[in-house]
Structures are given as C-alpha cells and as structure tokens.
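Feature list (source: TrEMBL):
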type	residues	note
DOMAIN	A:28-296	domain 'Protein kinase'
BINDING	A:LYS58	ATP binding site
REGION	A:319-341	region 'Disordered'
COMPBIAS	A:327-337	compositional bias 'Acidic residues'
Amino acid sequence: MAYEEREDDDPRKAISINQHYPLDSNCYKILDEIGKGVSATVYKAICIPMESSVVAIKAIDLEKSKADFENVRREAQTMTLLYHPNILGAHCSFTVNTSLWVVMPFMSGGSLQSIIASSYPYGLPEPCIAAVLKEILCALSYLHDQGHLHRDIKAGNILIDSNGAVKLADFGVSASVYESSLSSAMFTDVTGTPYWMAPEVIHSHTGYEFKADIWSFGITALELAHGRPPLSHLPPSKSLMMEITKKFRFSDHYDKTKASKNKRFTKSFRDMVGLCLDHEPSKRPTPEKLLKHSFFKNCIGLDHFLIKNVLQGVPPVEQRFKSKSSDEDDEGDDDSSTGEIVEHGRISGWSFNGEEFELDPVFPADDEQVVIQERGNEENVEGCYAGSGSVGGAAVSLLDSMLFLRESLDDQRQRVGQVIALLGGHEWGETRREEQLMQEILQLSDE
Amino acid sequence: MMKGFFKAKPKTPTELVRHTRDLLIFADRSAAPDIKDAKRDEKMVELSKLIRDLKHILYGDSDSKPVSETCAQLTQEFFREDTLRLLIICLPKLNFETRKHATQIVANLQGQRLQSRLIACEYLEKNIDLMDILIAGYENNDLALHYGAMLRECIRHQSVAKYILDSDHMKKFFEFIQLPNFDIASDAAATFKELLTRHKSTVAEFLSKNDDWFFADYNSKLLVSTNYITRRQAVKLLGDILLDRSNSSVMIRYVSSRDNLRILMNLLRESSKSIQIEAFHVFKLFAANQNKPQDIVGILVANRTKLVRLIADINPEREDEQFDSDKTQVIREIAALELNQ
C-alpha cells in the first residue's frame, strides 16, 4: 500500500517543504479566481520569494465560521497531517485580516467535475475512469487507515495537475475517528453533498462509518461515466427528492440522452460500482479490496498518459471558472452552497440498478419512515405518503407523465428559478422554495 | 504461562509493548542518523511497525473492533514501566506516519481503565514533568500538532490540568495562540480553552488566585491584539468563562473594573459582526450588575446615547429570541441609570 512504501522516506520531507512557504500575505500575488463557495474563494497565485512558483490559495471567510473555529482548525490540521501523493495537502495556513489563507499546490487541470462539464458532458471513457478511480482508492485507503472519513467524495473534489497527478481535495467536512470529542467511530451529523450521500448517512440516526465514503465513491464512478451524478436532474434538495421518489419511479434517465444512448460499460465496471452501492454498509468492500478488483487490473502504468489525454483540449481552469461564473446555473458544483441545503433536508432511499447502470429511487416502507428533524417547521413528509413498498396504480399512471416530464425538467427548473426570483423566494427560506417547486412540478404534471 | 505451546501465535499485547520499549530505548540512545546505518534503520522500521500494531489493538481496524481485555493488558504493561515517557521523548526520532500513530496511542491510553482506575492519570501525576515536554512542543513546528493533541487528552485529567494552570506555562499560551502558523496557533487556542473551561472547580480556583495578572494579560495581549482571530476567540472565551456559574465571584470582580469596561466597549464598536455579538455577551454583564461601582455608572451614563444606538444595531445572522431579550434588557438598564452625586 502506498503509505508503506513511504515509510523509509525522510519523515521531515513534507514538513521542511512546508516551512519554506512564507506565512505572510505580502509574499503572494493573486492572479485569478478559480473557485468560489459560500464561505471560501480559491485563487491562483504566485509565491514571490519561492521563484514565483504557482500555488492555489483557499481564502476562508472566518466571519462565517463559528467562534471556536473547530471546523477550520480540523480542516487545516488534516491537510497538514495527511501526506500522500493522492491527497491535496496544504503548504501552510495563516490568517489575513478576517480570512484564513490555506496555501496549496496549484492543480492546473481543475476538478474532474469541471473537466466533464466543459469537455465531456456525456462522461469519460472507461479506461480514464479506471485510471482516476484507482488513484482515488489509494487516497481513500490511506485516509481510512489514518482514521479519517472524507465524507464528500465526488468529481468536484477530485483534482488533476498538469502532470496528470490525481488528488482528492477538500477536507472541509471530513472527520477523524480519533478525535476524542467523538465517542466512537460512528457519526451522526449530516454532512456532504446530496447525490453522493450514502443512505446510512442520510438516515443518520443509525450513524455511519467508513463505508459511507465507499458509497460516495460508487456514485462518483457513475458521475464520471454518465457526466452527472444519478438523480441530479432533480434539484439538490433531499426533502424534494423524498417527495418525488415516494410517488414516482424513474427508470433510466441517462439512456434518454443521445450520446450516452449507445454507451456500453464493461461488466467489470458495472460489477465494481454495484459492490460500492450495496445498501448494507458492511457488505461494501474496503478500498484495499476494491483496488484488487478486475476493473483496475488493466490501468497500471497508463494512468498519467490517459489523464493527460483527458486534459488535452480542456480549457485552463481559470478560464473554465470564468465562463462558469457568467453562467447562471452552476448548481451542483458549489459544494459550500449545496452543503448548506443539506443541513435541513431529509431523504429517500435508492438502489443500484446494475443492468441500467444507474441508481433507482426506492419507495420507503412504513417502518422506515425516517425524518431528520433539524428544524421544527418543515413540511410534513409522512402525510403525503400512502402505500408501503408497493407501487400503486396511481403511481404507475403517473409514471408515464413523469417520464415525459423528465426531459423537460431542466426547463422547469429554470422556470421555477424565475418564479422564485420574481417572488423574492430567497428570503423565504428553504421550506417555502421547496413547496413552490413541488407545486410547480405537480402543476406541470397535470397539464 | 504456556508460551511454548503457542509459538505460532501472534505476540501478546504485553510482549508487543515490551519489545516496543526495548526499541524505544535503542532509539533514544542512538544518535541522529548522519551516516546510513543499516542496522539502525532496520530497528526503526521494526519500531514503526510495532507502534502501528499497538494502535490497531487499541482502536481496532477495518476487520475488528478493539477487545477490552487485550487493551487492558496493553495498558497495564505500558504503565508498568516508563514506556509512555519513552514514546513521548522519542517522538522526534520517529517518522512522519509513526508520529501520528504514537500520538493516537498516547491519546487512547488516557481513557483506558484498569479495575475502573484511570491508570494513565496516576502515572502522569508521578511523571508530571512530561507536561513540560508536551507544552514546549508548541515551539517546535515539527512536533507541535502531535504534542498538542497528546496534551489535550492529558488535561482531561483534572490533576494534570491543575498542574498546568498553576504553572508558568499559562503565560506562554498567550504567545502560542498568536503564532503565525494557523495550525499551531489554533491548536494552542483549543488547548487554552480546554484548560479554562473543562474542570469547573479547578478553573474557579485558578482564576480567583490569579485574576490580577491573568485578566491584565488577557486584556492587553488578547482582547486588543491586532490579530482578528485572536480577538474573536478571546472575547468568546471570556464570555464562556464569565458566564459560567462556578466563576461568579471572578465575574463580579471583572465587571467592576472600568479598564475592562473600556476594552469591551471598544470591542462593541468593531466592524466584525461576530466580535460585536460576542462582546455584547460580556458587556451585558457590566450592565446587569446590580452593584455597579460609581465609575462604571459614570462611563455608561456618559456614553448612554452612543451605547444604546450601537447595541440596538447588533443583530445576529439568525433570529435569536434570547439575544433580542438580552438586548432590550440591557438598553432598558442603561437608559434607567442615574448618577448618584
């Protein structure tokens, strides 16, 4: 395993490199904005005293953090204490007025999510997926061995540098099982980005462990294969997802899209993803086991070559960011903002459909009506739900109209967005917005 | 013991700890590896592996949960001799990954019980100088986070926290939490906060014995620091300390000082909303004090209009009924003040 190979390395190597980076904002010159979330902005910059080497600086707005800075401290320390070729570490971090600057290596290729969005809308070729995922498994293997959960694995957090090196990034919501404030390896807070979240994370009353990362890894595989995560044609709100998946069943969304229509995936790929998306966390394989899966057998040595191929013709990361920011609809990429929605959401179930190579929503049974109540005034979910597990006649007839609707869902979302903007919906809060979305969708289905 | 029968069996926890101890003694004595020394390297690799194994016994791994009986054996052997001390002082000689394992072992051992006794606590009371080593770690970039994490676990023991509170180390924390390296500064801040909030009676005793120098330093070094994060953390912690019931006599003394009031009034005027809000939580104690000294009343009356306007404008991001009602009460209190000539 990767960390063992590094046992003989000079232990201070990583640290002495860190010490060279100055803890003074005057030593850095910011060139471009390359990413933006609710409480942080990422810049491309140069470090002047270090021969103007290029770095990325994540500037976290501390006014938006809680006063004990526990999360910020944990993220910064995690990035210092993790040292692995497939994990994006930090050179150093220091405060600049009311911001925390985390200086990191610059990953010129940007995130796989943005690469796909700009150049591979229908997903990456399978050998490239294997090459990327293999690197991520190495990162996960190391991470889990260190007692860390990443808790937000997705293409948006997989970065590539100019050499084709693949690194897992963003430890903003990660957790350590060794932190004494956590009594055991089970966590009960809801964190992450909705589409990639494992059922047991969402049904957080049961707690979750390392296997939740494996689920997200499986979803990420689907995301790379199809160009978007499953169910992502729905807005990233779990409560809305719940409403819809309770009533309707989506069959394959993807094969409707032209380019992926004839896309075939190998059996070993489908099998690998299937293992990750097992509903029973204990049955999901460990990263080490996955690395031995036949899907990863053939990508040895080809990694960098393939990834460089992926990068060819993709516009530079700062350009992609600019064109994205001028685009209004950048939902799904902004982890900070989607993460916020997650906080007061709730969930449905879903299961992996190996044949169709995607995720199907599952109707919750009566005895597993899970409601994560973080806010008292949210809409009542149980009330709307009628049968347990069986698809009633009404649902079947609705299925047809939903299949039709699905194609225009993006249009609908834009329309809803306009309605919300008109009504000043942002100030009304999440509940209000979701109600409106539901009304819109139901109205449309009557048409 | 029937060792002979079980040759193929993996080593017992006791044996593992003994072997680790032998290698730690070796590591402690051997000089820094200037020249390539194959034999030494071999032993260090073995030591790394042993430390890793010990960690897995204590925490379990992906296949197995920790077994309490095995953990107990390991703990017993660890504290029977001076293995804990050796592990701490040899940390600089271990490689990057092994340091983390060692830190996790030290942390875990703090909570292990033998016949319901916290054996680590008893050990540390007899070896309290180990705390001096851990605290000095904040001055060493390579060791700070490891020693810092160990330290925070150790001060869960009340007697250990008391030792540090009563020592000169407390003064050093005022420097540590302002170090430019955020990783280290924030680690020191977390430890500082733990020391001043965890063990109520010990903290109250420390504050009442030391409140002259402590709050003077707290004001001059932290609350008026040029560093935003220092000011914000300090005013939050001050609120936590003063609002704690067990520190009520310290609180009464604090809110009777005009110097303290001046500093808090300046914090109320900060452009940072977060600092304003935290400062209000301390300021309200000055206003709520039913036995305000005349000079305090004098300052409040002289600044009445400005204060009322300032406080009325402080609004938390999220709606907070308690905050609003506190605000109303403070404003009412200030408005009703009269100077007794």
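Every residue gets a Cβ built from N, Cα and C, even glycine.
Neighbour count (other Cβ atoms within 10 Å of the Cβ, all protein chains): 25 for the residue listed as 'ATP binding site'. When averaged over the domain 'Protein kinase' (A:28-296), pLDDT in the model lands at 79. Taken residue by residue with DSSP, A:LYS58 (ATP binding site) is part of a strand.
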